[in-house]
Amino acid sequence: MANVVVVGAQWGDEGKGKIVDWLSEQADIVVRFQGGHNAGHTLVINGATYKLALLPSGVLRSGKLSVIGNGVVFDPQAFLDEVGKLQAQGLIISPDNLRVAENVTLILPLHRELDALRESSNTGTAIGTTRRGIGPAYEDKVGRRAIRLMDLADLDTLPHKIDRLLAHHNALRRGLGLELIDGAEILRELTAVAPKLLPYAETVWRLLDIKRREGKRLLFEGAQGALLDVDHGTYPYVTSSNTVAAQAATGAGLGPGAIGYVLGLCKAYTTRVGQGPFPTEQDNETGRKIGERGREFGTNTGRPRRCGWFDAVLVRQAVRTCGINGLALTKLDILDGFDTIEVCTGYRLDGKEIDHFPAGEGAQARVEPIYETIEGWKQPTANARSWADLPAQAIKYVRRIEELVGCPIALLSTSPEREDTILVQNPFEA
């Protein structure tokens, strides 16, 4: 029996929510281990649409325990809002089926304000974030001045922790000519919200260790994608956390032995939100056609996603940096009807062919994709639930992707619906 990690193998938005929801039927516990409420999922279940940003997808299934790990940055108001909306849709969410790491870092209003300031300034600091305070909160975490969930339970030490936090932020704000923040106001806000949050607080590493020893199946749910990893992604156009599979252990308080199988998610094409290099981007009618068919708009932000052809080089790189055992290929149906489909198999950089994506920002901007043209298919793949339902040419496309990225396809998704999934290899039984 393998504990399974699900990670994005592109720039996020690969359809992790649906796949995690589909796999969660076999899991006992679903764990979020990094990121914040900047990465959204849209799930369609029995015709009902659910939008998640911070909560694990396990909350959509009864009888499952969902956990937010210590690697996440946690916005109290966003959490309460999301819980409230899902409860209004009839879901039962309580401390009985949702636990939050007591040592999770909190996102405060000052983090959101700083994030927005950087994105709107003309100083060259904008990189296309969601302005939700994710990066500034992680900065405070590694700077050892963050407020954590457990701090709300100790009102004797909380004022001192707020003062320590503001010693940094007010110095920064003073230099930027901004109004200074009153620590008493932060204290009032946190004191007011504490009774609503603390019932969810848990020593997560201990809880998960106990459950593992009891033989419970764990499903780790990543946010964003490997190409947004702060170390291995398209730096500086990345998120502020490690998004690769190894972070599942760190972000949940478990050792690497807790990971048994890594499932990577990728679309049958490529999308990206925000700024940064995108070698196969199609800023043309093809890109617009893919975007319209795939409804490529951010779940949280509504921003249109940039669209392009499948990049086998980048996905192959993600397979290596994440230790991916199998891929779940999503949105194959969006390519239905194309006469031909392009797949990037390599790059040219300054006249030379290379087989990997360079780390340097300048080199990333100069790479040119080398394409292989593949014949398309006319028959629909939408709603297919077995290989027999797929056109022969679509199967050839899937097999060619396997060859190019050096990794087998374990799952194939053909619509947003939970059941429109073709299983090749069950990750929990691998």
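Any Cβ shown, glycine's included, is placed from N, Cα and C.
Noted in Swiss-Prot for the protein shown:
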ACT_SITE  ASP13  active site, proton acceptor
ACT_SITE  HIS41  active site, proton donor
BINDING   12-18, 40-42, ARG305, 331-333, 413-415  GTP binding site
BINDING   ASP13, GLY40  Mg(2+) binding site
BINDING   ASP13, GLU14, GLY15, LYS16, ASN38, ALA39, GLY40, HIS41, THR130, ARG144, GLN224, THR239, ARG303  IMP binding site
BINDING   THR299, ASN300, THR301, GLY302, ARG303, PRO304, ARG305  substrate binding site
COMPBIAS  285-296  compositional bias 'Basic and acidic residues'
REGION    277-297  region 'Disordered'
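Taking the features listed in Swiss-Prot, we show where each one sits on the structure.
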residue : record                       : Cβ within 10 Å
ASP13   : active site, proton acceptor : 27
GLY15   : GTP binding site             : 20
LYS18   : GTP binding site             : 25
GLY40   : Mg(2+) binding site          : 19
HIS41   : active site, proton donor    : 24
THR130  : IMP binding site             : 24
GLN224  : IMP binding site             : 28
GLY302  : substrate binding site       : 7
PRO304  : substrate binding site       : 14
LEU332  : GTP binding site             : 24
Problem - Cβ neighbours within the same chain of ARG303 (IMP binding site) - under 8 Å, at least six residues apart - result: VAL273, GLY274, PHE297
Completion exercise
Taking DSSP helix as H, G and I and strand as E and B, the compositional bias 'Basic and acidic residues' (285-296) has 10 helix, 0 strand, 2 coil
Practice task
Go through the recorded positions ASP13, THR42, THR130 and tell me which ones have a CA within 10 A of the CA of ARG305 (substrate binding site).
Solution key: ASP13
Exercise for the section: Could you check which of the recorded positions (ASP13, GLY15, GLY302) sits closest to GLN224 (IMP binding site), going Cα to Cα? Expected result: ASP13
Completion exercise
Comparing the Cα of LEU332 (GTP binding site) with the Cα atoms of the recorded positions ASP13, GLY40, THR130, PRO304, the shortest distance belongs to ASP13
Practice task
For ASN38 (IMP binding site), list the number of other Cβ atoms lying within 10 Å of its Cβ atom.
Solution key: 27
Practice task
Compute the C-alpha separation of ASP13 (active site, proton acceptor) from the residue listed as 'active site, proton donor', stating it in Å without decimals.
Solution key: 8
Exercise for the section: Counting Cβ neighbours within 10 Å across all chains shown, tell me which of the binding-site residues THR42, THR414 comes out on top. Expected result: THR414
